[in-house]
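Written out below as structure tokens is the structure these notes cover.
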Amino acid sequence: QLGESLSMNREDDPLRGEYESSTSSSDISSPKQDMGSRSSTSLLFDGVSVLETADLHHAPTTIIGHNEGEDDYPPINTFEDVKYVCYLESNKLWAIAGPIAFNILCNYGVNSFTNIFVGHIGDIQLSAVAISLSVIANFSFGFLLGMGSALETLCGQAFGAGQVDLLGVYMQRSWIILFVACFFLLPLYIFAAPVLKLLGQRADIADLAGEFTIQVIPQMFSLAINFPTQKFLQAQSKVGVLAWIGFGALIIHIGVLYLFISVFRWGTAGAATAYDISAWGIAVAQVVYVVGWCKDGWKGLSWSAFKDIWGFVRLSIASAVMLCLEIWYFMTIIVLTGHLSDPVLAVGSLSICMNINGWEGMLFIGINAAISVRVSNELGSAHPRAAKYSVVVTVIESLGIGVLCAVIVLATRNHFAIIFTNSEEMRKAVAHLASLLGITMILNSVQPVISGVAVGGGWQALVAYINLFCYYVIGLPLGFLLGYKTNLGVEGIWVGMICGTFLQTLILVFIIYKTNWNTEVEQASERMRKWGAANEALDT
């Protein structure tokens, strides 16, 4: 049956039985027997298509991760084959992306409820906490998340190759690197007040923000445990537990905020304490689950975690630079807009648009993580076709979601701003920017997917260079010229930024189109050999 040949043939595939039963009564014959003789081809998946190339074939049987009896996808020749692959990959994608997106939503809620409770203390306190979380904490969050993203490549490929023992070693190695990185970030937290004053913040707000930032230093160190553990679980598609932990942490966080702020009257210190408790609660809960329920990947503390640290650091730094260049790029548009002639209206309208875009972005961050897991797992399993098919299916589905979101925004352009403001002038300004928001939402539906593919394939350094060129050599200067020299204001700045994002997406799509997936499989195998995936004896 087609389902039996197209499935990944993994004993632990939770969808395998569903796929095989769904096609048990089908009259589709075995692809190994019939696919080569079929004359009907899909323009999407075969011939000169995006998916099939002449050099795409089963990976060599000598590489790590190839096991007899585990087959890659056969070539796709008919529309029925296309539908089945889309069905298979969609289920695998959303089984991972859904829980991750929910977990991200819960984490976003921790920040939101912190601001909500602090907002009832006073306006200055709200401004101080908001500045601390959005500038200082977000900076460290993005950097440490990027550093931890190296595990998406290594753990995903090791799991796909059946080298599950190495996942725990990789995770411990990442713990060490991220803890050291936290100490390098400490001066930013300790001297947050003068840094914020240099950025133009009022002295009273900057001082209170600096005090709050020092109080949330424990939260930063929790991320050194949180992110590697999260990537460890994601690589094995154990994402349901992340969703439950995130939801539980949000509920507890709300209760602790109420206790410390509304009952004990601890003010911003209470908010900081609740923030620290919630962050460490998430980290500890994840570690407990790993130690107690992930015996295959966790074999205890190992001295092997200290081996090949420098190579691991380089991949971690490349991951961090790649992600930070993206995060800082979209933060810069707010900074540039703040220097326009009418900054209140410009920043306000742009912030509303970015807020809407951010909610859509949570879904695509989940998809980003999911496609990273899919690509890294399949490359590690020596399945080049499966890796490529998963990319194309994910890009098509994400683009469809992005177009739908853009249509909704354009259809409600004169109304959705009511959620955020009562000002008629502000609503008109937002409506004027809706078309640019729609374009951005479409681009942002594809760009995170491509970035996820890059992480899954281990291309972080290449993407970092592309981001640097497209964002900071093309996008920002063009936005500055259009915004300030042509009097287009916030629209000009945004158009320049869109041009940079479009160019980056175009280059990455071209690179993926030209990628030799057999070579990627071999490089994944070499990466595991280099860092001990072949026959390393783990010293525990």
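Heads up, the Cβ atoms here are built off N, Cα and C, so glycines get one too.
Taken from TrEMBL, the feature compositional bias 'Basic and acidic residues' applies to 9-19.
Among the features that TrEMBL reports, compositional bias 'Low complexity' is placed at 21-30.
The region 'Disordered' annotation in TrEMBL covers 1-40.
The transmembrane segment annotation in TrEMBL covers 126-145 (among others).
For 175-196 (among others), the entry in TrEMBL reads transmembrane segment.
Summarising the annotation, TrEMBL assigns transmembrane segment to 241-261 (among others).
Positions annotated as transmembrane segment by TrEMBL: 273-292 (among others).
Within its own chain, the transmembrane segment (312-337) has Cβ neighbours under 8 Å at 138, 142-150, 153-154, 170, 173-174, 177-178, 343, 346-347, 350-351, 354, 451, 454-455, 458, 460-461, 463-464, 467-468, 471-472, 475-476, 479-480, 483, 490, 493-494, 497, 500, 531, counting only residues six or more beyond its boundaries. According to TrEMBL, the feature transmembrane segment maps to 312-337 (among others).
Under the heading transmembrane segment, TrEMBL lists 391-410 (among others). Residues 44-45, 50-51, 85-86, 89-90, 93, 356, 360, 363-364, 367, 370-371, 374-375, 416, 434-435, 437-439, 441-446, 448-450, 453, 512 of the same chain sit 6 or more residues outside the transmembrane segment (391-410) yet have a Cβ under 8 Å from a Cβ within it.
Beyond its flanks by at least six residues, the transmembrane segment (430-450) meets 349-350, 352-353, 356-357, 360-361, 364-365, 367-368, 371, 391, 394-395, 398-399, 401-403, 405-407, 409-410, 413-414, 416-417, 421, 490-491, 494-495, 498, 501-502, 504-505, 508-509, 512 of its own chain at Cβ-Cβ distances under 8 Å. Here TrEMBL flags 430-450 (among others) as transmembrane segment.
Listed as Cβ neighbours of the transmembrane segment (462-482) (distance under 8 Å, sequence separation of 6 or more from its ends, same chain) are residues 318, 321-322, 325-326, 329, 332-333, 336, 451, 454, 488, 491-501, 503-504, 507-508, 511. The feature transmembrane segment is assigned by TrEMBL to 462-482 (among others).
Annotation comment: TrEMBL describes 494-513 (among others) as transmembrane segment.
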Stretch contact, the transmembrane segment (241-261) with the transmembrane segment (273-292), Cβ-Cβ under 8 Å, 3+ pairs: yes
Distal contacts, the transmembrane segment (273-292) - CB-CB under 8 A, six or more residues away: 110, 114, 168, 171, 215-216, 218-219, 222-223, 225-226, 229-230, 232-233, 241-242, 245-246, 248-250, 252-253, 256-257, 260-261, 266, 298
